[in-house]
Every structure is written in C-alpha cells, then in structure tokens.
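**Q** Here's the feature list from Swiss-Prot:
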type	residues	note
ACT_SITE	Asp287	active site, proton donor
BINDING	Asn172, Glu238	Mn(2+) binding site
BINDING	Ile175, Tyr176, Arg177, Arg189, Trp190, Leu191, Arg194, Gly195	prenylated FMN binding site
Amino acid sequence: MKYRDLRDFLALLEQRGELKRISLPIDPYLEMTEIADRTLRAGGPALLFENPKGYTMPVLCNLFGTPERVALGMGQESVNALRDVGKLLAFLKEPEPPKGFRDLLDKAPQFRQVLHMPTKRLNSAPCQEQIWQGEDVDLGRIPIMHCWPGDAAPLITWGLTVTRGPHKERQNLGIYRQQVLGKNKVIMRWLSHRGGALDFQEWTQQNPGQRFPVAVALGADPATILAAVTPVPDTLSEYAFAGLLRGSKTKVVKCASCDLDVPASAEIVLEGYLETGETATEGPYGDHTGYYNETDSFPVFTITHITQRRDALYHSTYTGRPPDEPAVMGEALNEVFVPILQKQFPEIVDFYLPPEGCSYRLAVVTIKKQYAGHAKRVMMGVWSFLRQFMYTKFVIVCDDDINARNWKDVIWAMTTRMDPARDTVLMENTPIDYLDFASPVSGLGSKMGMDATNKWPGETQREWGTPIEMDRTVRARVDAIWDQLAILNNGHES
C-alpha cells in the first residue's frame, strides 16, 4: 500500500471507518487528551478535531491508536505481516551475499526493494506553500496540546526532528518532544544516545561557536513517521527506509533556511538552530510511565522559519500510563524486533515487550535451549544487540514450550523452574532512562535477568521434574464424545 502523504492515509482510514471527524469545539488544553485517551483505551478510531477552541487549524490525534493502524501505516495489511518488515531490516543490518544463482533469485525481491532507498529532491513542495519568517514566526498559530494538568507548558509531541552531523551524508530523523517556551523557541528534549543529540555533540566539537541547523517536520506521510521510530541500522537513513516501506522514493525538499531536507508533503515544518550553551529547564510532564517526570536541562531550539501547507493540520498525541499511543506502537513494532533478534540469535523463538512494562522496560524471551547457561547468554544479547533495549530493566528467558505473551504461562515457568539465588542475574551501574525515578542515580541503575528455563546437568544436581501430560489416546476418546456430554452447554462455557 502506498500513501502519497498523510492526507492520503487519512482518506483510507475514513473509508474504513477508522477516522472520526469531531466538529464540536474542543479545547487543546486537557480536553483533547481526555477524549483521545478514552478513545484509545476502547480501541477506537483516529480523531480529527476540526474546530479546536481558539484556532482555525485542525488537530489529528490517535492516528496510530491500534496495532492494525500501525501496520497499515507501514504498508502492511496485518500486524503479523510486520515480521516481513523485520526480516527486511535484519537483511539490511547484515546483508548476506547470495550463495548461488538460486539463492540470488530468492534474494532478488530484497535487492529490488533497495532501489526505492534514494530520496527524490523536489524544487518546490506543498510544505512550503506558506512561509513565515522573522517576527512573523509564531507558534501561537498552532493548536499545540497541553496534555496533563501538571504539565509545564504546551508540548509538541509528533515532530520529526531532522539533523545531520558534520561530514555525514545521512540525515537523521528522530522524534523528540519539545516544550514551548515562546513564540519562536522550544526545548529540544533528546537523550544523549539518540541520533540528534549525537549529531549536535559532534557539531559542537568540530564547529565551536557555530549554530547547529535543525528542522522539525509535523504531519509527514505515515511511512516517514514510522521509519523515525523503527530500529533502522545506524548507516541507513530513515528517509531511505521510508522509501522501502512505501515502495517509492521519499520526496523531500530543501529547507528555506538551511541545507537540510524535509518531507515534501509535511503539513508544517519548523526551521531554525541550536546555539551551543543555550539550554533551559524542561518539564515536568506526564510521561509514558504514568507519572510526571523530573525536570532537566536540554538545548533550546530557536525557530527562524515556519513553512506549511495553506490548509495545514496539526498532528499530535499524548503520553501517559499504558496503554497510550507509544505503547500501542511498541506492541506493533514488537513484531519487527523478532526477526532482527533471530538473525543474531537463531535460537530465539519469540520476543515480547508487554505494553504494561512501558513497552521497553521488561522483555520475555523464549528459546530453544541448547546448553547449560544458554539463557544467560541470551539475556546479555538482548541488552547489548539493539540500542532500543539499553534501558530494558528485566529480561525473563523461558523455554519454547512457554507462550511469551501469556502471563499465566510465564509465571508458571518462573515459579516452577527458577531458584531465586541461582537463576537471577543482577547487574549494577548500567545505563537507565533518566525518566526512571526508581533508579538510585539519574541515568544509572541495575538490571535483572531471570532464567525460567528447565535446568540442564551442570545447572542443578537434582533430578528435574517431568511435566504432567494426559495419554494421547485418552484425549482422543474424550474429544470424540465431548459434544455429546454437553457439560458446558448451560451457560458455563468459557
């Protein structure tokens, strides 16, 4: 499925009954969050607030509020099909040369997809139909949501931040929230290991005293938005991966004020710079943990230009205790992670990040165990292989007879196959999300691995338990007469 832009995607959603237009005036201050939260928890549609109180620009919320809409945005008809996206990423991360002519034919579709990776730069674009600069720059024209009562200020949540480090051809796209400070200033909240922060750090080292160009695109096409939250290899641009998802080259246009490329079909683009040493205290904000986070200092983004479509809409979301939109996206992207991990660790059968664990703080892994100590190797692999799992605090490893996505199965394995002292690994002073106030020091905390697999010789001196299982012939006989027994036909069937 190909979408030319966000509006093309919205047209499809509306056709499928997955978009609700709200004409009643709704306030961006708290009311939109409450409506979007109730809708998401009920598995409801994307929401287009057509008449935000005090504004003429519509607000789009809850766009990726179900895993199915995430899959549609990535060009797939089902969540299960996202495994194919993961296989493509695994191939791009570590491409294998064909072993022969037949293997070359098998890999041909993957090589053909690579043709969509280069971007196509346009001379003019819809995102630059209107240009505001200088004193005319005013974020007050945009209905930026104030999500929670204790939030410090309105917050831009769905901005695709475009950066490029010195001597790099690849542009980085990342989604970092931005607190509004004034009509032309926001705080750029990015963590130190994220691509934008690394680009800025390298820039300040090589260009001391010079301004760092930045652009923020709002309302890009779904492939570009989702590419920015997908674990693409560090050497691959999110624009290139968006082209793979879309099946056509990503169309970009040069910024009005700098050499950065932005999505040509974006609804709104903020252009400007970061000044070395100019920082501000960000927060507090209600976050994906379900709590207000601590305040901290981050760079200030000064906006020199705002470009937009003539009839632009503003794409927004909120974060809160799961489920929220990031948690739903994490649930869908879980399917992308599995093939990537399996490429490195073929023994992995399934991998699950429960939404209740903030989508990254706890992982359950099932494996085909092959030797004593195998579970501990997998724990270390999860923590080290992908940057996305740097902050995963708990990893539970089970055998492949356990359903990683069924807590009844997992808890049974933990309580029958684990000895707390022998089967628990604790590591201190490891990187932790600074938003995790449970850690003793900001940015540093511990991790726990739990080996809930059956123990092999060398891991235990005791005779291991044999699972109970009914005789197969007996089960077959009872299957044959089960309906005739009619035991559960009086309202007791579960």
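Keep in mind that glycine also has a Cβ here, set from the backbone N, Cα and C atoms.
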**Q** So among Asn172, Glu238, Asp287, all listed as recorded positions, which is physically nearest to Arg194 (prenylated FMN binding site)? Use the C-alpha atoms.
**A** Asn172
**Q** Let's check the environment of Trp190 (prenylated FMN binding site): how many other CB atoms sit within 10 Å of its CB?
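**A** Excluding its own Cβ, Trp190 (prenylated FMN binding site) sees 21 Cβ atoms within 10 Å.
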**Q** Can you tell me whether DSSP puts Ile175 (prenylated FMN binding site) in helix, strand or coil?
**A** strand
**Q** At the level of the C-alpha atoms, what whole-angstrom distance separates Gly195 (prenylated FMN binding site) and Asn172 (Mn(2+) binding site)?
**A** 6
**Q** I want the residues beyond Ile175, Tyr176, Arg177, Arg189, Trp190, Leu191, Arg194, Gly195 whose C-beta is within 8 angstroms of the mean position of the prenylated FMN site's C-beta atoms, in chain order.
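**A** Result: Thr161, Gly174, Met188, Gly196, Ala197.
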**Q** Given the recorded positions Asn172, Glu238, Asp287, state which is nearest to Arg189 (prenylated FMN binding site) when distance is taken between Cα atoms.
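**A** Smallest Cα separation from Arg189 (prenylated FMN binding site) among Asn172, Glu238, Asp287: Asp287.
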**Q** Of these recorded positions, Glu238, Asp287, which scores lowest on Cβ atoms within 10 Å?
**A** Asp287
**Q** When you measure from the Cβ of Leu191 (prenylated FMN binding site), how many other Cβ atoms are you left with inside 10 Å?
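**A** So the number of other Cβ atoms within 10 Å of Leu191 (prenylated FMN binding site) is 17.
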**Q** Which chain-mates of Arg177 (prenylated FMN binding site) that are at least 6 residues away have a CB under 8 A from its CB, listed by sequence?
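**A** Once residues fewer than 6 apart are set aside, Arg177 (prenylated FMN binding site) is near Leu155, Ile156, Thr157, Gly159, Arg189, Tyr285.
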**Q** Checking the spread of the prenylated FMN site as listed (Ile175, Tyr176, Arg177, Arg189, Trp190, Leu191, Arg194, Gly195): what is the longest Cα-Cα distance, in whole Å?
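**A** Between the outermost Cα atoms of Ile175, Tyr176, Arg177, Arg189, Trp190, Leu191, Arg194, Gly195, the distance is 14 Å.
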**Q** Please report how many Å separate the Cα atom of Asn172 (Mn(2+) binding site) from that of Trp190 (prenylated FMN binding site), as a whole number.
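**A** The Cα atom of Asn172 (Mn(2+) binding site) is 13 Å away from the Cα atom of Trp190 (prenylated FMN binding site).
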**Q** Determine the Cβ neighbour count for Tyr176 (prenylated FMN binding site): the number of other Cβ atoms within 10 Å of its Cβ.
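**A** Tyr176 (prenylated FMN binding site) is surrounded by 22 other Cβ atoms within 10 Å.
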**Q** Please report how many Å separate the Cα atom of Ile175 (prenylated FMN binding site) from that of the residue listed as 'active site, proton donor', as a whole number.
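**A** Checking the Cα atoms of Ile175 (prenylated FMN binding site) and the residue listed as 'active site, proton donor' gives a distance of 15 Å.
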